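According to Swiss-Prot, the features are:
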BINDING   LEU8, SER9, GLY10, GLY11, MET12, ASP13, SER14, THR15, THR16, LEU17, ALA18  ATP binding site
BINDING   CYS188, CYS196, CYS199, CYS202  Zn(2+) binding site
Amino acid sequence: MKKAVCLLSGGMDSTTLAFVAKKMGYDILALHVNYGQRTERKELEAAKKVADVLGVVEFLEISLDYFKKFGASSLTDMNIEVEAGVLGRADNPNTYVPFRNGNLISIATSYCESRDGEAIFIGVQSGDHTGYPDCTPRFIEAMQHAIYVGTQTEKSIELLTPFVMMNKTDILKEGMELCVPYEHTWSCYSENDEACGVCSSCLARLKAFADLGMEDPIPYKK
């Protein structure tokens, strides 16, 4: 059976993508990275629940401490408040973590190569293109080239991003067809128990459910 590393944060996009990868016939090697984010505890809890439902071959948890030392993002620097979200925002959000996905993809590549895997899945989507340069098609193309050049595998590892040109509503629609357990997922940038409902990630998630005439199954602050 072919194997793939799925970067699994426990959020909507990465969870749906892991189910897509399984549907494509891959055995799933789930990679969850704690990088000092505010919602580290809840994201890990969500990722483990999703991994159990998926029946992954392996669940690997990696912890990084250097992003907190770098700061510069409201997700990792507790002195910077997570700003209220605005749908369709065009400028740089303070929730951007400098080159985070470059780091995560590099770790996933090492993991994939060590397990003789064939692919890496990361859930970047169109709503992240503005303000998050490490979520763009151009960035993914560059990282794919680096993987080709920098690995020894006889069969090239593919960096797969099926959602890169899809919005969150379309992702949710696909996930519902795959019976993704969204009640186990977590998207909020700031809270670990009840989602705030006002950060950009919460707003995008709520909009997706509203677009499909559905109620989000996770708890929100009143």
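Cβ atoms are placed via backbone N, Cα and C, with glycine included.
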Tertiary neighbours of THR16 (ATP binding site) (same chain, Cβ under 8 Å, six or more apart): GLY123, PHE163, ILE171, LEU172, GLU174, GLY175, LEU178, VAL180
DSSP three-state assignment (helix, strand or coil) for LEU8 (ATP binding site): coil
Residue, out of the binding-site residues MET12, CYS196, whose Cβ gathers the largest set of other Cβ atoms within 10 Å: MET12
Integer Å distance between the CA atoms belonging to MET12 (ATP binding site) and CYS188 (Zn(2+) binding site): 10
Cα separation, CYS199 (Zn(2+) binding site) to MET12 (ATP binding site) (Å, whole number): 15
When distances run from the Cα of ALA18 (ATP binding site) to each of the binding-site residues CYS196, CYS199, CYS202, the nearest one: CYS202
Binding-site residues compared (LEU8, CYS188, CYS199) - highest count of Cβ atoms within 10 Å: LEU8
